[in-house]
């Protein structure tokens, strides 16, 4: 009996909620967003929707183009962080993942999970392993959360330095953000310091999956998988933390600049400390994803803070509406178009073609890592062999997964991270 390696597809990690439950949640979520925009936003700014609409309609085509350019520039700068978290990912593909994932997340109530699944599917089609994607999602979301939690405190200090009373709302946001930031830092430090925390979290996932009656992944279940993700993330952070940090900071600055431009092009923009304070509140409120993209809650909070800090009401409300229309609304059609393009070009015939191409790869060897060791992958027909100087490992027929292996072999710069959770020992 020999031991081999087989590519395994990611199994669903949860059971979908009943259709009626999802429908009710969706209706309630959209109802909250609509009520906040239609009823609460005018009251927060002390202006009517007719005044807001008139101010927004006064923007000219060139002004809208300028805002779109700044928005795209911020997204492109953000790819510095996104590519740092997934070695081998190009800036163009990082931008594509950002836009398409945000499109799904902003369109659907509680759409974050759906956006993550869309991103995972794309990254797998490009040849990245499931653990590489998990590491990418973990690090980018952790850094994004840390940045959001830091901003209210920075804004409050800036306002105090400028001699402006930040008010109770920003003070509360800074207090909550500071507390959550401390917990987040301690949690991340605990996870990165050793395997114990990751194994405990994975063990909880294992128990939940068993309770739901679903099969666990082989090779130790989610507990072992979480340990692999933690170790891989900790190793990457030793070299990638700088790019992650700079990318997130630059992205935040571009978004704050975009908010200031939205206010300045509509009327008289308030001072930079006030604009940054509104941006900090937006970042905190965007974490409340009870509505698609936190729509409604964010607009009310930003407008209320701007007016409370002395900004002109019509300019505040209209500027916030334009800013959110660009950063949230514009992502839906742009990212949606990209998602449709990707889906259309991923024709069924292409999968079969890639399998045929993989079957034609005879005596092709590429470096990859198996269990942390440098090894060689040998594709011959429909068979894959992986061996090292220590012990050769013979593969079995891969069937539908030949295309995925061929994609990785065609991209050696990915370091072919097959073994990190996607290759499993099999008996035959």
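Backbone N, Cα and C atoms are what each Cβ position is placed from, and that goes for glycine too.
The transmembrane segment annotation in TrEMBL covers 23-42 (among others).
According to TrEMBL, the feature transmembrane segment maps to 62-83 (among others).
Look at TrEMBL and you will find 95-122 (among others) tagged as transmembrane segment.
For 142-161 (among others), the entry in TrEMBL reads transmembrane segment.
As annotated by TrEMBL, transmembrane segment applies to 173-192 (among others).
Tertiary proximity for the transmembrane segment (257-281) is limited to same-chain residues at least six positions away from its ends with a CB under 8 Å from its CB atoms, namely 55-56, 58-59, 63, 66-67, 70-71, 74, 151-152, 154-156, 158-159, 161-162, 164, 166, 169-170, 173, 301-302, 305-306, 309-312, 314-316, 318-320, 322-323, 326-327. The transmembrane segment annotation in TrEMBL covers 257-281 (among others).
Per TrEMBL, the feature transmembrane segment maps to 288-309 (among others).
The transmembrane segment feature in TrEMBL is assigned to 321-344 (among others).
Contact between the transmembrane segment (62-83) and the transmembrane segment (321-344) is present: at least three CB pairs lie under 8 Å, with pairs separated by 6 or more positions in sequence. Pairs of Cβ atoms less than 8 Å apart link the transmembrane segment (95-122) most often to 321-344, out of 23-42, 142-161, 321-344.
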